[in-house]
Amino acid sequence: MKMSGSAESLVPEGKSAPSFTLRHELVIWCSIIFYVADLCLDLWVCAAHFDAKKPKSGWFIFFCILLPNLYAGYKSLQWYLRAHELSPLRRPSVWIIRTLFFPISPILRYLDAWKYGRQARKHWKNHNLMLERKSFENYLVENAEVALLRLVIIFLEDAPIVVLNLAQLLQTPPDQWAKISEGRPDPEIVRLGSVIAKLSCTMTLGVVHYMSCNKLAWHLANTQNKKTQESDNSSTKDEWESKGRLSWAAELSIYCWQLLAITSRVIAYALFWVVHFNLLWIPILVRWTIHTLWIYFDVAEMSLINSIAFGGVYLFSFVTTSPGRQILRITLYYIITFGEHIIIAIFWYYGAPSNYFHNYGIGVMFGGTVGGMLFLAVYYGCFHPDKDSIWLRQKLADMQQRLREAKERQEHHSSV
């Protein structure tokens, strides 16, 4: 689960621009703002449930906030200690801050990434490319690790809260949403705003950021391996610039894919919550177990605890956990998803309350999944950063190869 490591030549020699650009800096500060805003939104929703005399929902949201952040803080502190085993920090204040504020460790990680990035830019201005390369490597490691921490927090904290609020919305007809108590926020508006904000911003953008960092980390690791086996040349030197980063079109297609896919998943569990709340643990436990075992045996470096955490992520979204065999993994994931959706649709159709959402619930659940698959095909078919992995390009290459072989056979027969 730890995404770190160093590469000796991440940054090409003799560059005319710094590696740590304004875009990198803006992403860090926007990520901090989103993290703080999401935490404040969750606390506000939690307080709104207590204020609406729903203590069970309030305590459920509270523990959904507390436990994932404690787990992320523990992992962050563990990685930090491991990173400084050989060169321990000697300032006690650093360790006091890391220990006291470990439940909000992503903020500390973002600040570390920003610090390394600024150092890289400073070294570039001083024409010290070796130190710039080292600082930028540290920035990439911090950025990749905090993206992973945020991914776990998002799906173990935000997803259950979204499912809860969606289920409460599905149980309440829209004509009752306008009944606002004097001096109090309307609980239905609070729920709806929370769901929209989390789906469109926090959850989806968190996945896009993680996949972007993950793709870059794997590509840089592969680039390092190549450099140890091959002689250094210009194509290898500039390779990560063209293949390691996601383009704007790729990020947009991933965003639309994840937005529709995650929406369909949270709606599926919200539908089941409404009709059979006491049995909701069964599909969640079965699927969580399937994905935990899948990840544990499929990813060699993944521990059991980290596989369990990622199994929770896979309840709501498919994210890349290791390179290679992506088509097979995606196919298997969506076969499981469609099977579960069909079962939930049957339970919902025969047990749902007769209100505005009775038919629209099933349509959005299946429509989101199909729409997400279309954008998934667009990403892998047109905008994947590794052009050798693009399905469309592979298919065209196979067709060209078959045409050449057919032409060669025809020429051979004609010559005979």
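Numbering starts at 1 and runs along the chain as displayed.
Glycine residues also receive a Cβ, built from the backbone N, Cα and C atoms like all the rest.
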Practice problem: Write down the single range among 191-210, 331-350 that appears in TrEMBL as transmembrane segment. | Solution: 331-350
Quiz prompt | For the transmembrane segment (331-350): best-contacting stretch of 57-74, 266-288, 294-319, by Cβ pairs under 8 Å | solution = 266-288
Practice problem: Could you pull out which residues elsewhere in the chain have a CB under 8 Å from any CB of the transmembrane segment (294-319), counting only those six or more residues past its ends? | Solution: 1, 71, 151-152, 155-156, 159, 203, 207, 210-211, 214, 258, 261-262, 265-266, 269, 284, 287-288, 329-330, 332-334
Exercise. Using a Cβ-Cβ cut-off of under 8 Å, list the residues of the same chain that are 6+ residues beyond the ends of the transmembrane segment (266-288) and lie near it.
Key: 159, 162-164, 166-167, 169-171, 195, 199, 308, 311-312, 314-316, 336, 340-341, 343-345, 347-348, 351-353, 361-362, 364-365, 368
